[in-house]
Amino acid sequence: MGDWSALGKLLDKVQAYSTAGGKVWLSVLFIFRILLLGTAVESAWGDEQSAFRCNTQQPGCENVCYDKSFPISHVRFWVLQIIFVSVPTLLYLAHVFYVMRKEEKLNKKEEELKVAQTDGVNVEMHLKQIEIKKFKYGIEEHGKVKMRGGLLRTYIISILFKSVFEVAFLLIQWYIYGFSLSAVYTCKRDPCPHQVDCFLSRPTEKTIFIIFMLVVSLVSLALNIIELFYVFFKGVKDRVKGRSDPYHATTGPLSPSKDCGSPKYAYFNGCSSPTAPLSPMSPPGYKLVTGDRNNSSCRNYNKQASEQNWANYSAEQNRMGQAGSTISNSHAQPFDFPDDNQNAKKVAAGHELQPLAIVDQRPSSRASSRASSRPRPDDLEI
């Protein structure tokens, strides 16, 4: 019989892009159909016409009786069956090769865009379009092709056609031959002079092979149906999981990136705004040294330093004779920093600069401290 190596190599490449059911189906096709058909079955049917004898000497009678009994040889019929059930799988393989070719083109274009990006060209939109196309074709990292979108539909269609071909060939075989062979066939056709009996060689052995090939066809049909349900429910499960998983939805290849460079949308994107007020207002002439607001000791020290600075500032204003109502004692109330929960949220959103101790740039003098307790000429007398 012909060489099956070319078909075997093509079908072997499909295993890398098939489900578990598809791999089992290919194993059944290779072992129990192609291998068995090329060895035992072909030898059993090798003498089917030469050993077909009829009880007549009329020339041509045996040929017409054989043609009536076996319109097509069982071996050739099974070869056609194998070819037809393999064609949908080969079409799916062609689609896989098409996707891989698309992947090569997209990767080449992506490399060119990245080179242009290093030169300062804005190609972010083009890179995102390439990622969307890869996701559409089912291309993942490291060249792995995932069954998704058009590739998944092609795989389902191939399973449907394989199942249809299996059923069709089983019905044709039952209509032409049945599923058993008789030892004697009665024939009455021209040029036979009368009704003649024809005898078939090894009918029991051939019947066993017919039943075996019938069982293999039924097993292949059952595998196709199981795989069809598996692919369908797996697709539904992945779709439901993709909708219900918020992490997957926000971290997928199509999720928009955060724009931390725009101060207008910084807070909505989970970024810290560079123009946001990071510390409470200080009295005029004082500077704030930034530090970590989460530190509890630094937070207590800042509170005490702020109270002391406000008190000193009020005393100096009163000493200089300014109106006491300009700064009330309410300004010297302690400043409460936000609670720890709000600090934790801000720290998680982005690194912020927080206030540390309030430092007075003016040097302190003993004369000023002593002069504050001595009476002055312009003091009010009661």
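Glycine is no exception: its Cβ is also placed from the backbone N, Cα and C atoms.
Record features, source Swiss-Prot:
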type	residues	note
TOPO_DOM	2-23	topological domain 'Cytoplasmic'
MOD_RES	S5	phosphoserine
TRANSMEM	24-44	transmembrane segment
TOPO_DOM	45-76	topological domain 'Extracellular'
TRANSMEM	77-97	transmembrane segment
TOPO_DOM	98-155	topological domain 'Cytoplasmic'
TRANSMEM	156-176	transmembrane segment
TOPO_DOM	177-207	topological domain 'Extracellular'
TRANSMEM	208-228	transmembrane segment
TOPO_DOM	229-382	topological domain 'Cytoplasmic'
MOD_RES	Y247	phosphotyrosine
MOD_RES	S255	phosphoserine
MOD_RES	S257	phosphoserine
MOD_RES	S262	phosphoserine
MOD_RES	C271	S-nitrosocysteine
MOD_RES	T275	phosphothreonine
MOD_RES	S306	phosphoserine
MOD_RES	S314	phosphoserine
REGION	317-382	region 'Disordered'
MOD_RES	S325	phosphoserine
MOD_RES	T326	phosphothreonine
MOD_RES	S328	phosphoserine
MOD_RES	S330	phosphoserine
COMPBIAS	362-374	compositional bias 'Low complexity'
MOD_RES	S368	phosphoserine
MOD_RES	S369	phosphoserine
MOD_RES	S373	phosphoserine
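DSSP labels the residues of the topological domain 'Extracellular' (45-76) in these numbers: 12 helix, 2 strand, 18 coil. When Cβ-Cβ distances below 8 Å are used as the criterion, the topological domain 'Extracellular' (177-207) is approached by residues 44-45, 47-48, 51-56, 58-62, 64-66, 68-70, 74, 214 of the same chain, each at least six residues removed from its ends. Helix, strand and coil residue tallies for the topological domain 'Extracellular' (177-207), in that order: 5 helix, 8 strand, 18 coil [DSSP]. Sequence-distant neighbours of the topological domain 'Extracellular' (45-76) (same chain, 6+ residues past either end, Cβ-Cβ under 8 Å): 1, 37, 176-177, 185, 187, 189-193, 196-202, 206, 209-210. For S314 (phosphoserine), the number of other Cβ atoms no farther than 10 Å from its own Cβ, over all displayed protein chains, is 18.
Per-residue pLDDT, averaged along the topological domain 'Cytoplasmic' (2-23), amounts to 72 for this model.
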